[in-house]
Amino acid sequence: MNFLITIFSTTGIFVSFMLNLTPIPSLIKANKTRDISEISHLYFIMASANYLNWCLYATKVDLLGPLINNLIGLCFTIAYIIVYHKIKGDIWKFGPVYFGCCTCISLIMFKVFPSDLLGLLSVGLSALQYMAPIEQIKPALMNKDHKYIDIFIIPALMSNAAVWGFYGFLVHDWFIIIPNLMGLLFSLFQILVYAWAQGFLPHLTFSWLANKIREKPIKMTEDDAIEFHNNV
């Protein structure tokens, strides 16, 4: 059993490392075009909070694999947030406030919160991290355009969730199992929407959801309106 735990922990760290590399192409493109509209900022924010909380939980319950994994992820997401806001031009406004708050809150949580409470919080933050890319689903459905969905990230999220979910089963930790099971489901939904937007699925698969979103009043630029009508 210990051998399997080591194997899945090592595999999980490797898969997570590859996952953490997936935003790089999108950030390089955004840096060239100075356009950050196709990047999920919410994903980076939730990922950094999630990784930080998992580091606290793994330290409390003495799980070395998840601790190493989440420390690596935290370093990557901090770097991506810095790059994102450097492109946006507000790094000195956003950075000190966000990272200062995260540091203070994490120190208080580690001292005050028991491991079970940190575990429950980790479940919630993991679910929010997996859900974060879904913010790009709305424009993808409205325009039937796959460009709003980062296809590099989602398969990596699925693989990561599968490996760490099985690791959680091996160590009998429901705080690890539950969020990764949710991650599998969220990632599958996004892949289905991506395939639909590419035309690989029947038109009616998500048409009811797309039509429901279109019924809501939204503000569009002239270019957005032309693109919307061309894709209807």
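Using the three backbone atoms N, Cα and C, a Cβ is placed for every residue, glycine included.
According to TrEMBL, the feature transmembrane segment maps to 6-28 (among others).
Annotation comment: TrEMBL describes 40-59 (among others) as transmembrane segment.
Packing against the transmembrane segment (65-83) from elsewhere in the chain are residues 5-6, 9-10, 12-13, 16-17, 19-21, 23, 27, 31, 44-45, 47-48, 51-52, 54-55, 57-59, 91, 95, 98-99, 164, 167, 176: each is 6 or more residues past its ends and has a CB under 8 Å from a CB in it. The annotation transmembrane segment is assigned in TrEMBL to 65-83 (among others).
For 95-113 (among others), the entry in TrEMBL reads transmembrane segment. Within the chain, the transmembrane segment (95-113) has long-range Cβ neighbours (under 8 A, six or more residues past its boundaries) at 45, 48-49, 52-53, 56, 59-60, 78, 81-82, 85, 121.
Taken from TrEMBL, the feature transmembrane segment applies to 149-170 (among others).
As annotated by TrEMBL, transmembrane segment applies to 176-197 (among others).
Residues 66, 122-123, 126-127, 130-131, 133-134, 137, 140-141, 144-146, 149, 151, 154-155, 157-158, 160-162, 164-165, 167-169, 205-206 of the same chain sit 6 or more residues outside the transmembrane segment (176-197) yet have a Cβ under 8 Å from a Cβ within it.
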